[in-house]
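Chemist: This is the structure I want to talk about, given as structure tokens.
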């Protein structure tokens, strides 16, 4: 089968987008082994995540599915959500600028701004351990986490997918490649976890690196940016609107506090279109 795809990125976090509304048969062929082959940057297309556009099932405008480079399906991807919104608008699947999108963890609402950037209502952050999921006796702003022979301090939150965020003094010296895999696979996170490393510059600016579950470190992570900011706000360290600087560029994150949704704003870029044999 020939598969049509569009390559996109949000701050260097790169994706291929598959229109399964026009290519419903593609879902039959996209098993984990095929996704891993397509994700290979030497022998395939190369991407951090594969995004699928499907018909809505629960009253939204579209259904949004995400697969990591290892072939596993995940609940949410913030940079991908912005690319998803630009894709359905640019390819005339909708004429709306605000779109209701179904995900595995509920509805998100991307809005295409006049300057071409996309703002996404990512929903209300979840801090209860059972909702993350994270094995802890009670909800706390900071948890100790044993990593090998050392104990680190993390904050834990779900932004539709699980995140563990730690504050470090210098992002350039962050142990992302050594600690990231250990945090990702920590037994207290039964569904694994995205590991965030945050440096606070001031109350309105942070720097961030994220080791993503099933992918590794990426140039940017939208849900990771949301997670870092809401954890910083919860601990009284950040203001309600924060600029998050990552290797791939900047996102603006806003959270007005308890029971309020977190908003993410940033770019979504189309790189090229292509066809590949499955």
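Cβ atoms here come from the backbone N, Cα and C positions, even for glycine.
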Chemist: From the candidates 114, 115, 121, 161, give the one listed by Swiss-Prot for the same substrate site as 13, 49, 68, 78, 79, 194, 212, 213, 222, 223.
Modeler: 161
Chemist: Around the substrate site recorded as 13, 49, 68, 78, 79, 161, 194, 212, 213, 222, 223, what other same-chain residues have a C-beta within 8 angstroms of the site's C-beta center?
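Modeler: The surrounding set, listed in chain order, is 48, 66, 74, 76, 77, 80, 210, 215, 218, 221, 224.
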Chemist: Looking at the active-site residues 77, 221, which sits with the largest number of other Cβ atoms within 10 Å of its Cβ?
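Modeler: Of the active-site residues 77, 221, the highest Cβ count within 10 Å belongs to 221.
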Chemist: The record lists 13, 49, 68, 78, 79, 161, 194, 212, 213, 222, 223 as binding substrate. What's the largest Cα to Cα distance among them, in Å, rounded to a whole number?
Modeler: 17
Chemist: Quiz question: given the binding-site residues 13, 68, 194, which has the greatest number of C-beta atoms lying within 10 angstroms of its own C-beta?
Modeler: 13
Chemist: With every protein chain in view, what's the tally of Cβ atoms within 10 Å of the Cβ of residue 213 (substrate binding site), excluding that atom itself?
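Modeler: Its Cβ has 23 other Cβ atoms within 10 Å.
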